[in-house]
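J.: The structure's right below; bear with me while I get my questions together.
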Amino acid sequence: MNTVRETIAAIATAQGRGGVGIVRLSGPLAAKAGQLITGRTLTPRHAHYGPFRDQEGLVLDEGIALFFPGPNSFTGEDVLELQGHGGPVVLDMLLQRCVQVGCRLARPGEFSERAFLNDKLDLAQAEAIADLIEASSSQAARNALRSLQGEFSKRVHSLTEALIALRIYVEAAIDFPEEEIDFLADGHVLSMLDSVRAELSTVQREAGQGALLRDGMTVVIAGRPNAGKSSLLNQLAGREAAIVTAIAGTTRDILREHIHIDGMPLHVVDTAGLRDTDDHVEKIGVERALKAIGEADRVLLVVDSTAPEASDPFALWPEFLDQRPDPGKVTLIRNKADLSGEPVGLEQCDDGHVTITLSAKGDDQGLLLLRDHLKACMGYEQTAESGFSARRRHLDALRQACAHLEHGRAQLTLAGAGELLAEDLRQAQHALGEITGAFSSDDLLGRIFSSFCIGK
């Protein structure tokens, strides 16, 4: 049986008790179900107040029935909403009544899946519904809404159209080699290609910010032993999450703490102090610390501002720079300002990193600077007119597209291989298509929609 032609039903409101609860139906039986349950023919897009009845004609509840005939509905099919009282027993009775008239219970995300299959939403917009529901901050909610309204999809479609235009130009040059002008070598292809790469880079950067807002930023606290890393973690967490002693090497393993700053999710990782050691257990901790540094979205490199080596903290541990070469992802924390007498403050350094001077022992001003800085790193200060939500799979697809464009450019400039460039352009277009669902496997769609709420 084609499950898309079945009529599905589910409770669309959150679990628990509330003033109003909604049962939603979608499919060819929606109009008939509305007639059987309400005892009247429902006028499209009108609110009908009255009783909801069972098979015997007994009243289950009283509420409002709304009928939306397809294709002018959320799913593109006939849709019925029964809005009654929000008690779980009442809603379950109403849902069972829908099953009696021929509906089946909907799978998680099946309403959004049908909207996608009926071209009412693309895949990025469908995912934005779940992101909007799960948003943990006002900025994340605004970004998700912009993705739902199609902002992210428009950017991807624009890139796709530019790739298609470039593919047409390149493949025409390949198909007509007898032309006197070598169109692949006239500079126009490289100009078009570099323009697409520049726009793709911009979308990548903005998508990365959107993913941080949605998934949270991983912040690794690193530094020498006794620099105050664990004290800083405790201040950010607002509790004694880590043991703090004067003994060097107290922290020997990774310690993770999930916190929120004004609704912004952060995954904070405290690490073992970076130093050479003969202690086998501590050495493993240092190795794990370096691995965490390489995987972090942001690194807080904590130094003791009273120590002599604080004048050149990046020279303390060469392996640190090997794992984190981009200074723009590093925030230098000059800790123990209460002992060194250094003024609390924030400085943007010439090489791209930020330095914050503070005391991890209750320095409210310095900790406020750090919190605001971390929020800014996550895109908290974006305006409502910029930004969109994105997921890790979107970032992977954008990276794949970028890699294909880089490879194709190299094939053209080094070998003059137009055919290989054309193939890389096709692969880049395919990668972008995975974002909106233009090219997506059934397995991928199943994984995405199964993570949605039932009734969405």
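For all residues, glycine too, the Cβ spot is worked out from N, Cα and C.
Straight from Swiss-Prot, here's the annotation block:
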- R24, E81, K120, K456: (6S)-5-formyl-5,6,7,8-tetrahydrofolate binding site (BINDING)
- 216-379: domain 'TrmE-type G' (DOMAIN)
- 226-231, 245-251, 270-273, 335-338: GTP binding site (BINDING)
- N226, T245, I247, T250: K(+) binding site (BINDING)
- S230, T251: Mg(2+) binding site (BINDING)
J.: How big is the Cα-to-Cα gap, in Å, between S230 (Mg(2+) binding site) and A272 (GTP binding site)?
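T.: Cα-Cα, rounded: 9 Å.
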J.: Mind telling me which of the binding-site residues R24, K120, K229, K336 has the densest Cβ neighbourhood, counting other Cβ atoms within 10 Å?
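T.: Sorting the candidates by Cβ neighbours within 10 Å, the top entry is K229.
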J.: Including all protein chains shown, what's the count of other C-beta atoms within 10 A of the C-beta of S230 (Mg(2+) binding site)?
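T.: That number is 24.
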J.: In the predicted model, what is the mean pLDDT computed over the domain 'TrmE-type G' (216-379)?
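T.: Mean model confidence (pLDDT) across the domain 'TrmE-type G' (216-379) is 80.
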J.: Check the DSSP secondary structure of K229 (GTP binding site), expressed as helix, strand or coil.
T.: helix
J.: Determine the most Cβ-crowded residue among the binding-site residues E81, N226, A272, using a 10 Å radius around each Cβ and all protein chains in the structure.
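T.: Counting Cβ neighbours within 10 Å, the top one is A272.
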J.: If you run the three-state DSSP split on A272 (GTP binding site), which class comes out?
T.: coil
J.: At the level of the C-alpha atoms, what whole-angstrom distance separates E81 ((6S)-5-formyl-5,6,7,8-tetrahydrofolate binding site) and K229 (GTP binding site)?
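T.: Between the Cα atoms of E81 ((6S)-5-formyl-5,6,7,8-tetrahydrofolate binding site) and K229 (GTP binding site), the distance comes to 54 Å.
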